[in-house]
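One structure is given below, encoded as structure tokens.
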Amino acid sequence: MPVASRWHRGGTPKHNLHFRNEVESRTILQELLLYLIFLTILCILTFGMVNPHMYYLNKVMSSVFLDTSVPGDERTNFKSICSIPDFWKFMEGPLLEGLYWDSWYNNSQLYNSKNSSRIYSENILLGVPRVRQLKVRNNTCKVYSSLQFLMSECYAKYTSENEDISDFGLKDDTEWKYSTPSINSPWHWGFVGVYRNGGYIFTLSKSKSEAKNKFINLQLNNWITRGTRVIFIDFTLYNANVNLFCIIRLVAEFPATGGILTSWQIYSVKFLIYVSYYDYFIAFCEITFLILFTVFIIQEGKKMKEFKFAYFKRIWNWLELLLLVLCVFTIFFNLYCKIQIFLLLEQLLKRTEQYSDFYLLAHWRIFYNNILAITIFFAWIKIFKFISFNNTMSQLSSTLSCCIKDIVGFAIMFFIILFAYAQLGFLIFGSQVDDFSTFQNSIFTQFRIILGDFNFAAIQQDNPILGPIYFITFIFFIFFVLLNMFLAIINYTYSEVQDDYSIGRRSSFKLGEMIKKSYNNILKKLKLKKPQEDEDNKSKKNKDLAEQARRKGFDENEIQSAEQMKKWKERLEKKYYSTEIQDDYQPVTQQEFRDLFLYAVELEKELHYISLKLNRVMRKVSALSY
């Protein structure tokens, strides 16, 4: 019986193995090309949602409403408001001046100011602005009995349970009467509380003088009380030049400690879609994205059906599932935003004399953009799945996969020390230093110290003894101990992987070599490359490998023996074509390889000795038979 038949008895025939490997290689290459198309479409959709004009529109609105100073006080603007008188000065000054633009720079009338205001003559004010406040009831907190003779009133921080819903003041208009919140409106997350919709609401007139008289009347009748906890100023602009809506919310929080904390939200979004030719191209990309998403769903379903529970043992399959789930959320929120815009936008635009609440539409649009951003991030991470293009990228992947356990152990140790220092800093400096005012701020301050962004003078001023001790010990443990441990883990593992690659170890699927081979075959068919060039490249490659092995400490006998064994291996693979090794290997050290190599040499000598013995026996048997 021929050797080849005995070799493949009970197994897969040689030509079937070759065909199976070729099919697998083509399948992976097709998967890569299809995924690159998917990634390109996803990038187009992502950048189609972002417009460079968004930043400039937000910047212009910030300069008008946030940076403009109060008349007579150049140091006071919305960002620096700290008292109720400053707040009313802002309302009567920069806010009104920013909202009502009724003439050009030379006082000429460019449009009918009764229709609507146009900020910077380019951004039309949709509807009218709205101002609302939320309050808390009296006696929502307890005063210590020994101090009740000093203070009988007590207003706690804002919660939905402490909210005041009773009418107050003049009780003759909406600003003095409580309005129930809408169910669909999102809550606002502020510095010192989470606030729901509703409250005591009033809208401004289209006339600047009437709006100013409104503010004066509210100020005289004490619209802001001790129970006031937050005031929202909401309005929406539209710029037809760049087809963008700008939703602006100015927030002034009145914490239970006194004073005012200001914040703001300025969102530039695109609600009117499918207007230009580029928008229709985006629509085509969306349809293509749905088709490719369906194809990937079918592919992963087939893999799960074929491999069953083994499918979940590979980390790349988990990344595939995560990416598909994110794509589902992306598609859902995109459709939801389009439906809401179709149902609500036209109604909101018709409310020229009322407040048009675009905040809900902007909220969902921003949420959709965030989901899309996370999706594109993991889509780029998936590129590492096809990382076997060259040795450098493959070494990086192997290094990370081999040291993952050590990195997890290091991360546990690192975060234990980080959280310990964060709590220590919060308890020592939390009442005086802004960077440690909350436990969350304290955690992020530790990362800022690692990056070199810290305020040593502040912690030293707060505590001259514990401040320097805290800082010096943190720098010692984090920089000189933990970070060096992390670098040592990476360097040691990378050196081990480099040793493996220097002796000829390669990935099981050589995608780069396959692409290069296909490219060379095309050049040969086009008669643009001679066959002798491949031999020269192969010889040069072998010389490079031998030179790398010499630098690693192998002597000439070991290199020659390794080259001979490599030739044997290539000849056997060419003759019998066995399947390749899997990627999830355990790397061996240089010393282990030398021991294994010496063992193989000794085994070869023993086999050669046995072969000589058998030849002698066979000659003696032949002589006796004659």
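Keep in mind that glycine also has a Cβ here, set from the backbone N, Cα and C atoms.
Disulfide pairing as given by TrEMBL: among Cys82, Cys154, Cys141 connects to Cys154. The stretch in closest packing with the transmembrane segment (469-490), judged by the count of Cβ pairs under 8 Å and taken from 32-51, 271-298, 319-345, 365-387, 407-429, is 407-429. Residues 34, 37-38, 41-42, 44-45, 48, 243, 245, 320, 324, 327, 331, 334, 338, 341, 345, 358, 361, 365 of the same chain sit 6 or more residues outside the transmembrane segment (271-298) yet have a Cβ under 8 Å from a Cβ within it. Residues 28, 32, 35, 38-39, 42-43, 45-46, 49-50, 267, 269, 271, 316, 319-320, 322-323, 326-327, 329-330, 333-334, 336-337, 393-394, 396-397, 511 of the same chain lie 6+ residues outside the transmembrane segment (365-387) yet bring a C-beta within less than 8 angstroms of a C-beta in it.
Sequence-distant neighbours of Cys154 (disulfide bond) (same chain, 6+ residues apart, CB-CB distance under 8 A): Asn138, Asn139, Thr140, Cys141, Lys142, Val143.
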